[in-house]
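Asker: This is the structure I want to talk about, given as structure tokens.
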Amino acid sequence: MGGLNDSVVTEIVLLALSCSWEKKLFLILICSLLYLAVILGNLFILFLVIFDSHLHSPMYFLLANLSLIDVCLSSTTVPKIIKDLLNEYKIISFQGCMAQICFIHIIGGVEMVLLIAMAFDRCTAICKPLHYLKIMNSKICISFVITGWVTGVIHAMSQFLFVINLPFCGPNKVDSFYCDFPKIIKLACTDAVNFEFIVTANSGFMSMGTFFLLILSYSFILITVWKRSSGELSKAFVTLSAHITVVFLFFTPCMFLYVWPSPPPSIDKNLFIVEFAIIPVLNPTIYTLRNKDIKVTIKRLSKKISYSTFF
């Protein structure tokens, strides 16, 4: 059993989707509404950034990429869950399970790099405003995005190459809504302690390391502003509060899921909803409500629509 094709297990049963009709209807309604909000909210930000020339800047280029990634992250799991809740059999093929895991970790790696890039962008804008456009040029922005995708692929494949060679010859039930490395490793017909450590070391340490790096970056920005002028500290904090909020929202579930690879099923299911449905909805909301440029752009767009409709 040296590879994926040699595995006896051909499908995975997702036990978390087997519940009463009342709970199924509730989950279908919640997942459908949240997914619709994810698509509409993030595509709206993409639309604004692409079609409004006032938002053609490094910060909004990165924000548009973050919105695209949020749509992709939610799409890896939520549509499949809605489909399975409507069907009698709650299963996913073994190949489909592996593909879902890879997409989740690739996209997660991209998002981490984008959050680092956005922190670097704000650090440059606040600490070196005169050199901002020279430092954050288009090449640097595109390099951040490419680095994100390369990092995501390496991050996912480095774990996948270990898991693909494990023997899966018996158990095929997972008490979860979706597939992920810590859950699938437990199904292997071998002592998987070392492999669980590899996953924790990879995903867990990557999440914690990136989180603390971002917190230190934003702390450095605030300390720098405070040393220059204490009066500007509150203004800088308001500017950075959206970024800091997104960082906490994104990394808190990640650290629970991967630093603590065997959380109780109830916590795991709640963290799933937060990670794949609620956070992708909150990101565009937070950036829209906390960002003056976005508000001005929305007002400008509304006036254009009203004017064209009237005439």
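Heads up, the Cβ atoms here are built off N, Cα and C, so glycines get one too.
For reference, TrEMBL lists these features for the protein:
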type: DOMAIN; residues: 41-287; note: domain 'G-protein coupled receptors family 1 profile'
type: TRANSMEM; residues: 25-51; note: transmembrane segment
type: TRANSMEM; residues: 58-78; note: transmembrane segment
type: TRANSMEM; residues: 98-120; note: transmembrane segment
type: TRANSMEM; residues: 140-164; note: transmembrane segment
type: TRANSMEM; residues: 205-225; note: transmembrane segment
type: TRANSMEM; residues: 237-259; note: transmembrane segment
type: TRANSMEM; residues: 271-289; note: transmembrane segment
Asker: Cβ under 8 Å to the transmembrane segment (58-78), counting only same-chain residues 6 or more beyond its ends: which ones?
Answerer: 31, 34-35, 38-39, 41-43, 45-46, 49-50, 100, 103-104, 107-108, 110-111, 114-115, 117-118, 121-122, 125, 136-138, 140-141, 144-145, 148, 177-178, 272, 276-277, 279-280, 283-284, 287, 293
Asker: Grab the pLDDT values for the domain 'G-protein coupled receptors family 1 profile' (41-287) and give me their mean, rounded.
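Answerer: Summarising the domain 'G-protein coupled receptors family 1 profile' (41-287) by its mean pLDDT gives 84.
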